[in-house]
């Protein structure tokens, strides 16, 4: 735990941001100068320098040798990221973050980013119907909202001209932004000529960065949904699939049931049946030597359970998860899909959760769920098209967190050198800008401002799972409740006044009926005093 705490303290000195190609930098000027240091509107200076939020700094990349899996050099824009595009970016101070240091780093809030707040990711099966529907509506909003801050590149850096005279960037909706990012980080390398590609390359899978990269990726996704919805209490839920016999979330109330007429499609009763996928035609891109440009390519596909049973006999079990967590070594041997007794390789799904040994022809753990879904989620590059991807990877991240808490590893266990390209400790994560180093995120999720409901102690879990949602709803309608309370008090006061006045008048009439008649006379002072007293009380 000490080492995790130290990592959390050190993290504040590293620069942060939210995603790929900030809009202010995606132009000829940015490409020509190779500088991405946008102005912060709060003080009108690049990176908020006048307010001490950050400054524009040279990018220094690691020159540690990579593994033998990728023998090429200088032909892929992702090599030595982000130097093909930019060599100067914002470096944010303290708890500040964002591409111009105008936001806060993960877990911190407020105008000065001084407030630490821990958000809780919950089991989607434990959420109320209203909460589930809100989550689905947020995803659909993200699918239909152009992201205001980020764009994607539709061409390689070489295609844009030596001085960036032909920039190739495009708008994209917020959901598909993350589909495209997942495609871009895992795509093949173009070697020149139709179909001539290098396939044994992936900057986010099949080695050490798999877990840290996806952790940062989910945090970005979470943050962007908060921004477009204005709901800063939003968290990505998880699906605890241990021991499941089927796709429990594949219902029309959740992530979409099976279409009765075509089992490969989503039920028309689900909003996801209208979704179009992007970045799924890998071979076509390779043959054209072109990047995915986010053009719609057809409906979302899913046919859970109708996969090759020899490749995935079953959904992973509790025993599989516990064995995986018990493995003490994060990375071993060749540090790729052939590594034995590697926690990362077993959890990713290239090794057995019973023996720890690498297996061929089978997919386990993380990979097993992708294959089991038997559709858009089953190919690496386009897998994020299926919203179940979010639920699945949130649970994978929670298993990573359990391993960190169980073994409390020092930072030094993360491979510094000879991992496959993109996976060494000092390598910046592709394609995030400004920059995140892989090894900086081998640390507890508490340092990043979030927790998982099932990892809380029972008391905290009760508060988060049952009490907090109601308190959040009350907070959202407190102004209405206050107004209703004031109106109710006013009505009660008026009613009370009417009742007192009626009673006073009745008593006065009764006294007049009982009093003997001695002719006309002035009212008694006492009677006048009673009237004044009642009036006073009524007024009070």
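Placed from the backbone N, Cα and C atoms, the Cβ positions cover glycine too.
The signal peptide annotation in Swiss-Prot covers 1-19.
Taken from Swiss-Prot, the feature topological domain 'Lumenal, melanosome' applies to 20-480, supported by sequence analysis.
Per Swiss-Prot, N-linked glycosylation site is recorded for 87 (among others). When secondary structure is read from DSSP and collapsed to three states, residue 87 (N-linked glycosylation site) falls in the coil class. Other Cβ atoms within 10 Å of the Cβ of residue 87 (N-linked glycosylation site) number 15 in total over all chains.
Within the same chain, residues at least 6 positions away in sequence whose Cβ sits under 8 Å from that of residue 205 (Cu cation A binding site) are 186, 348, 380. Residues or ranges marked as Cu cation A binding site by Swiss-Prot: 182, 205, 214.
Per Swiss-Prot, N-linked glycosylation site is recorded for 233 (among others), and the stated evidence type is sequence analysis. Cβ neighbour count for residue 233 (N-linked glycosylation site): 14 (other Cβ atoms within 10 Å of its Cβ, all protein chains included). In the three-state DSSP scheme, residue 233 (N-linked glycosylation site) is classed as coil.
Using a 10 Å Cβ-Cβ cutoff, residue 293 (N-linked glycosylation site) registers 16 neighbours. For the recorded site, residue 293 (N-linked glycosylation site), the DSSP three-state label reads coil. Under the heading N-linked glycosylation site, Swiss-Prot lists 293 (among others).
Here Swiss-Prot flags 340 (among others) as N-linked glycosylation site. Spatially close to residue 340 (N-linked glycosylation site) yet at least six residues away along the chain are 332, 333, 351, 356, 357, 358, judged by Cβ distances under 8 angstroms.
Residues or ranges marked as Cu cation B binding site in Swiss-Prot: 366, 370, 393. In the three-state DSSP reading, residue 393 (Cu cation B binding site) counts as helix. In sequence order, 214, 217, 218 are the residues of the chain that are 6 or more apart from residue 393 (Cu cation B binding site) and have a CB within less than 8 Å of its CB.
Residue 374 (N-linked glycosylation site): 20 other CB atoms within 10 A of its CB, across all protein chains. For 374 (among others), the entry in Swiss-Prot reads N-linked glycosylation site, with the evidence type sequence analysis.
Annotated transmembrane segment per Swiss-Prot: 481-501, in sequence order.
As annotated by Swiss-Prot, topological domain 'Cytoplasmic' applies to 502-540, with the evidence given as sequence analysis.
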Study note, to complete from the structure: Between the C-alpha atoms of residue 293 (N-linked glycosylation site) and residue 233 (N-linked glycosylation site), the distance in angstrom, to the nearest integer, is 32
Check your understanding: Which of these binding-site residues is closest to residue 87 (N-linked glycosylation site) if you go by CA atoms: 182, 366, 370?
Key -> 182
Revision key, fill the gap. For residue 366 (Cu cation B binding site), the number of neighbouring Cβ atoms whose distance to its own Cβ is within 10 Å equals 23
Point to revise | Neighbouring C-beta atoms (10 Å sphere around the C-beta of residue 370 (Cu cation B binding site)) | key: 22
Point to revise | Top Cα neighbour of residue 182 (Cu cation A binding site) in the set of recorded positions 233, 370, 374 | key: 370
Point to revise | Greatest C-beta neighbour count within 10 angstroms, which of the binding-site residues 182, 214 | key: 182
